[in-house]
Amino acid sequence: SKVKKVMSIPKGNSALRRVMEESYYHHIYHTVAIEGNTLSLSEIRHIIETRYAVPGKSLEEQNEVIGMHAAMTYINNTLVSRIGSVTISDILEIHRRVLGYVDPVEAGRFRSNQVFVGHHIPPHPKDVEKHMREFVLWLNSDEAISLHPVEFAALAHYKLVYIHPFVDGNGRTSRLLMNVILMQAGYPPVTIRKEQRSEYYHVLELANEGDVRPFIRFIAKCTESTLDLLIIAT
């Protein structure tokens, strides 16, 4: 299988290292671009590598990039290699970094107001905590862990987006959680490209209407592309 093929590439392989580094910047670029960020890939690289601002671009956009970098560093250093349960505080820690440079007040805490997302009305703020407890119980359940990793990761992504526990940064946090689950299962992290934005929102909408299968297939397709890329590159 492609996963076995990719997992058998030695970790020190220079082509693998290069493509993983490339995909790191690509992930940040696409995950913020989906939300409307206008920074280019090279600008994002510049911000992360030099820690200097890009003149003429909004600081908020640049702070989104710094937040993604902080969140991904945190995930790679702590969660990926950890065996066992993901907790509510892990999800809050990811979010605290995702949003912390843009909105330090709301970063790392659940929303206290009602929000509307397209046609979907997420849980009332006073029910968010309860939904999150149930979500985390499911994340660590035998039922979830026995699923195919791609299906598990896709469902986790969808369920978190559905609860919409934060004022902002729900999509970015959900995409990161998906990648935590994939990486814990030995898969590479997956990027949903900004060109796929309308398809992504469409399959999320279908899931909200009660059919989550197109969303799972969509994530499987993204995973497949990522595996193909790594096999070709090495």
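The backbone N, Cα and C atoms fix where each Cβ goes, and this holds for glycine too.
Counting Cβ atoms from all protein chains shown, HIS164 (active site) has 22 others lying within 10 Å of its own Cβ. Secondary structure at HIS164 (active site), as computed by DSSP, is coil. What TrEMBL lists as active site is HIS164.
Per TrEMBL, the feature ATP binding site maps to 117-120, 168-175, 200-201, ASN208. Sequence-distant contacts (6 or more apart, same chain, Cβ under 8 Å) of ASP168 (ATP binding site) comprise LEU99, VAL102, ASP103, GLU106.
What TrEMBL lists as domain 'Fido' is 86-221. Here the domain 'Fido' (86-221) has, by DSSP, the following mix of helix, strand and coil residues: 86 helix, 2 strand, 48 coil.
The annotation N-linked glycosylation site is assigned in TrEMBL to ASN76. In this chain, no residue six or more apart from ASN76 (N-linked glycosylation site) has a CB-CB distance below 8 Å. Secondary structure from DSSP puts ASN76 (N-linked glycosylation site) in a helix.
Positions annotated as site 'Important for autoinhibition of adenylyltransferase activity' by TrEMBL: GLU35. Around GLU35 (site 'Important for autoinhibition of adenylyltransferase activity'), the same-chain residues six or more apart in sequence whose CB sits under 8 Å from its CB are GLU64, GLY171, ARG172, listed in sequence order.
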Study note, to complete from the structure: For ASN170 (ATP binding site) and HIS164 (active site), the CA-to-CA distance in whole Å is 6
Practice item. List nothing but the one residue from HIS119, ASN208 whose Cβ has the fewest other Cβ atoms within 10 Å; the candidates are the binding-site residues. Key: HIS119
Exercise for review: Quick one: give me the count of other CB atoms within 10 A of the CB of SER174 (ATP binding site).
Suggested key: 24
Check your understanding: So what's the average pLDDT for the domain 'Fido' (86-221)?
Key -> 97
